[in-house]
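As recorded in TrEMBL, the features of this protein are as follows:
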type     : residues  : note
TRANSMEM : B:26-51   : transmembrane segment
TRANSMEM : B:63-87   : transmembrane segment
TRANSMEM : B:107-134 : transmembrane segment
TRANSMEM : B:141-159 : transmembrane segment
TRANSMEM : B:179-200 : transmembrane segment
TRANSMEM : B:229-250 : transmembrane segment
TRANSMEM : B:262-278 : transmembrane segment
TRANSMEM : B:285-305 : transmembrane segment
TRANSMEM : B:311-330 : transmembrane segment
Amino acid sequence: MLERFGIGKTEGWLLLVIALICLFLSLTTDTFATLVNICDILNYSSVNIIFAAGLLVVLVAGGIDISFAVGASVVQYLAVSLLIWMGGGNWALGFALAIVIGFGLGALNAALIYHFRIISIIVTIATFNLFFGLLMFFTSGVSIYDLPDWLSRRVILFEHETSVGWAEITLPVLVMAVVVFATWLLLRRLTVGRQLFAMGDNTEGARRLGINLGAMHYLAYGWLGGCAGLAGLMQAHYAQEVVPNALYGRELEVLAAVVLGGARLGGGRGTLLGAILGLMLISITQNGLNLLGISPYAFRMIVGFIILVAISLSGERMGLLSIGRRHVKAAGASR
Amino acid sequence: MNSLVSTFLNPKGGKSASGASPLGEIGGLLAVLAALVIGLSLTAPHFLSAATFTSIAFQLPELGLLTLAMLIPLLSGGLNLAITFSANLSGLVLAWVLKAGGGADAGLLVFLVGVMAAIAVGALIGLVMGLVVAYIGAHPILVSLAMMIFLRGLGEFITRGGDVAGFPPYVVALGQGTLLGIPVPLIILIAAILLWMLILNRTRLGFSIYMLGSNLEATRYSGVNTGRALTMVYVLSGIMCSIAGIVMLARFNSVRVGHGESYVLITVLACFLGRVDPFGGFGRVVPVAISLVILQVIGSGLNLLGTNQHLATALWGATLILVMVIRALWSRLRLDFLFRRR
Amino acid sequence: MSPQRMETARVDALAAPLPELLRLEHVSKRFGGVQALDDVAFDIRQGEVVCLAGENGCGKSTLIKVISGVHPPEPGATIFFDGRPVHDLSPARARSLGIQVIWQDLALFPEMSVAENIAFERNLGGRPHLVHYDAMRKEAARILERLGVRIDLDKHVRELSIAQRQLVAIARALVADARLVFMDEPTASLSRAETEALLAIVRRLSGEGISVVFVSHRLAEVLDVASRVTVLRDGRLVGTFPAAGMTQAKLTELMTGRTFDHSVRPPAEMTTPPVIGVEALSRAGEYEDISFEVHAGEILGLTGRLGAGRTELALTLFGMTQPDSGRIVMNGRELQLRSNRDAIDAGIAYVSEDRLSLGLVQPQSIASNTTVAVLDRLVDRLGLLSPSRHRVLVDEWIGRLKVKIGHANDPVSTLSGGNQQRIVLAKWLATGPKFLILDCPTVGVDVGARAGIFEIVSELAKAGMAILLISDEIPEVYFNADRILHMRDGRIVESFVPSQTTIERMERAIHA
């Protein structure tokens with residue numbers, strides 16, 4: 001029944017847990033269930049959801065990437081510096097630059113993974129350090145505070161005054177919605193997206209059907225790169241500054257959330273809804289801990305614990321399944 | 001020259017069929033090291049000094065111990081991304097025991113208890129990861145990643161992001177002192193290398209790790225308890241992390257969560273440079289150890305040449321890519337050659 | 001389409017040949033130093049069903065890959081399709097001609113729905129476009145109806161049985177307007193009923209004018225659908241023969257190039273007590289109510305189709321799975337096997353049918369593979385592995401089984417199939433087993449090397465070992481076992497004594 005709306009087992013569980021947490025927080029705090037707070041969560045989560053949508057594409061295609069967050073920092077810095085050098089620029093130019101540079105960084109990963117057959121985790125550990133090292137070296141860790149006017153001016157799409165303050169929906173939310181829609185279109189509605197799934201599901205089968213695996217690699221990592229570029233731009237807009245190490249470490253949070261949402265390492269399985277719910281679960285937990293006055297230092301520990309438990313539980317089903325599968329495969333391959 | 005290049009670039013180590021003999025392999029790496037030392041002493045006038053070598057001898061161990069912690073999971077076809085934070089956390093445990101036992105006045109017995117507790121915690125962290133990987137069948141990348149996030153959070157929660165310092169003087173002596181002119185941490189590293197060689201070459205567990213690294217199911221069908229062996233892989237890794245954590249504590253006389261975070265890359269790099277097969281099953285301790293010295297010499301050289309620390313990070317990344325790319329090209333070339341010759 | 005009409009269609013075909021669809025001549029293919037195909041010819045007419053037979057490694061797969069454009073043939077080959085020469089055969093070109101291959105591993109996408117798997121062709125093509133799920137469903141439904149089968153279109157392929165997956169793969173081939181379909185060992189893992197259903201579908205396709213090449217070495221099941229049999233051996237064409245009048249024995253002779261003139265094992269009075277006894281062993285969904293005994297020095301044959309539960313039974317005897325009910329008794333003592341380590345300790349060894357991924361750790365050395373099961377015996381007083389003991393043990397077994405190797409440290413994958421199988425035997429014999437299970441021990445072993453393997457097996461029996469020989473090659477069990485059990489759909493249905501029956505009678509009983 002629920003499956004008709006794309007709500008599988010994982011998504012169902014996540015919805016339930018999120019609902020319970022929301023209920024608990026609404027009852028124990030005054031501030032959680034207010035429009036202001038909900039808009040805050042949405043504004044804050046936008047950047048991560050853009051990352052998550054991109055990362056999902058790579059996971060579905062059977063790869064992994066941990067370089068995207070520092071890649072986004074590189075994009076931020078390069079794009080903003082270029083825009084300043086060009087005398088300011090505008091939104092259109094900003095978006096274009098962010099996507100193009102981001103795509104380029106993703107394509108570098110794709111090239112190394114596809115043409116030289118290096119495992120994706122190794123490639124992206126290397127590019128992670130390459131990107132971050134070069135960024136910190138050339139910027140000397142110096143932030144850019146003096147952004148072009150159009151970039152630092154807040155774009156408010158919706159506002160509403162309440163008794164506790166202004167509730168606002170800002171530009172990142174719109175960009176997030178567009179990215180999510182585009183990714184949904186790619187993965188569910190476009191033929192190339194289905195080819196991506198096919199490659200992650202059964203690479204040899206995809207090859208035999210004549211799917212262009214090289215192009216699929218560039219598409220997947222390039223898509224993540226493009227998303228990361230947009231996320232970087234939005235983060236700079238949201239924070240109104242460019243700090244070279246602001247996004248350092250974000251990749252783990254996002255990766256964990258997407259896996260929490262049911263995406264499988266090794267490809268072929270994963271939904272956009274699951275990824276978003278996984279991310280929302282973490283954002284809401286963080287928000288709740290904050291409102292409850294729990295030390296921000298405890299936050300990572302609790303999130304890490306949740307992920308560890310979730311992997312162990314979901315791993316059990318998948319683990320047994322994969323052992324069963326291995327037997328089928330072995331029996332099939334024997335003759 | 002050809003043998004030297006091939007030693008360095010062959011994708012799979014430790015296989016006589018792939019050309020180079022184990023001795024030639026080690027010889028090749030030593031030649032690279034020698035070339036490097038000569039090159040650096042010509043370009044950086046201060047390189048060939050006692051000070052440089054002392055600094056290398058003191059810096060090498062923590063990286064080396066962490067590399068050993070990375071090596072065994074890699075051999076088993078997995079990965080342990082949580083090595084640095086496991087080390088940090090073990091360090092914290094030792095620090096906590098020392099603090100509880102009198103801070104700067106803590107006795108040697110307290111220290112020993114602390115070391116035991118630190119190693120126990122490292123083993124426990126490894127045990128949890130190992131059980132999840134071996135019996136639940138979750139992906140090692142995910143498990144170690146989740147563990148890494150958890151440990152970092154836990155460490156930051158305990159320390160509130162700050163340093164823990166103020167240990168008895170003999171702890172510092174352990175980290176910065178020498179025994180018979182050899183830095184103590186270096187002695188610990190050498191002992192650890194010997195221990196790893198013993199485990200990998202001379203025990204049933206080590207034999208099983210190589211076998212299951214190539215094919216887990218076939219190894220299980222041969223009657224090896226692969227679940228237990230795979231669990232032990234991560235337990236051993238965790239124990240080696242805690243030894244690294246203890247050495248780090250002693251060298252800096254403090255513990256900070258996040259210290260050595262960038263080492264993960266260098267440990268992976270050292271393993272691959274030492275011809276560990278990225279898919280598991282092949283790789284030996286000695287070549288990895290020599291690769292480690294090569295990397296440390298490069299690092300110190302860059303340092304002497306006044307290279308920025310971040311540039312060094314980028315260079316490590318680039319080196320890893322370069323090594324893997326050249327290896328891929330080299331194996332393709334060799335294949336072509338073999339086919340044409342037939 | 002009724003069978004009667006098909007029958008007349010075939011008679012007509014013989015009277016007035018249907019137009020030729022594909023003709024290959026002088027096809028050769030080399031891989032490195034290996035001559036995979038040597039001047040092979042092949043042809044098929046429209047709507048015809050041809051059986052392509054040969055042992056493993058005879059060049060069947062290479063021939064299919066040449067025809068489907070995966071491997072270009074060596075210069076000098078000529079290929080005619082529809083009477084016109086084809087020069088640039090690529091996978092895409094082959095597909096556009098209507099050549100489809102259903103590989104044995106099926107190449108499906110387990111995480112996708114049945115509908116999408118069948119109609120995946122619609123997701124291919126140059127320019128990205130929208131996916132039309134409704135159109136895919138309709139097309140999939142249409143094809144499944146044409147095949148006369150019902151499968152839930154929304155199920156994931158991973159949830160399907162092997163037989164259903166097979167049907168999905170066939171349906172996918174038909175979506176692309178197939179004119180020539182290759183089926184690589186399609187019945188290998190099907191039950192009898194499923195095989196019958198598949199053959200009915202093949203008849204249907206043939207009736208629609210689609211040509212089918214059945215790759216199989218079991219003639220009985222394709223005899224009534226195929227009109228001709230093409231036999232390959234060692235990359236060469238043995239010949240193409242009319243299916244009528246062909247027998248399994250004759251086909252085996254053609255495939256192996258040897259007449260099976262050697263005698264069966266002499267009847268033996270089993271006076272020794274049984275080494276192992278199985279009593280009413282059952283495991284849900286795998287096998288049911290299995291009882292037998294194997295005496296010291298006896299070779300018990302176990303045959304039946306793949307999927308009859310043979311390997312599943314063997315895995316239980318080896319402790320890899322646990323039975324739901326029943327007993328395993330060894331030398332009078334009941335065994336509780338929790339893992340294969342218990343089985344090995346009890347003196348049971350298992351040579352897997354899947355040497356490539358279960359029998360040997362392929363990339364590792366010959367030496368390691370020989371000793372992996374007896375590590376406990378290699379330790380010295382300190383509990384450490386002793387390199388000298390290791391070397392002695394490896395040398396001993398390589399010598400005893402006369403394995404031809406270069407160096408004991410070479411990867412085991414560098415050995416030939418026959419020598420690899422000797423290493424597997426060495427590994428298990430080193431454990432000192434009393435009961436040896438051989439699961440299809442000659443898969444991927446050259447014809448010449450098979451006799452060598454069975455010489456060893458016979459020696460072991462003479463030395464008093466109890467042996468269970470599992471095989472789907474009837475001649476193999478007929479000529480090498482003392483007694484043969486026939487397993488079908490998880491049960492033992494018959495038993496034979498080779499000295500009291502003929503191979504033809506056995507084949508009829510098993511394949512009928």
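Cβ from N, Cα, C; glycine included.
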- Are there three or more C-beta pairs under 8 angstroms joining the transmembrane segment (B:107-134) and the transmembrane segment (B:311-330), sequence spacing 6 or more? no
- With a Cβ cut-off under 8 Å, give me the same-chain residues at least six positions beyond the ends of the transmembrane segment (B:229-250) that come close to it. 61-62, 65-66, 68-70, 72-73, 75-76, 78, 80, 82-84, 86-91, 94-95, 115, 118-119, 121-127, 129-131, 133-135, 167, 171-172, 174-176, 185, 188, 192, 196, 199, 205, 208-209, 212, 216, 259-260
- Touch test for the transmembrane segment (B:107-134) and the transmembrane segment (B:26-51), at least 3 Cβ pairs under 8 Å: no
- Query: Would you call the transmembrane segment (B:285-305) and the transmembrane segment (B:26-51) in contact, using three or more Cβ pairs under 8 Å, pairs 6 or more apart in sequence?
  - Reply: yes
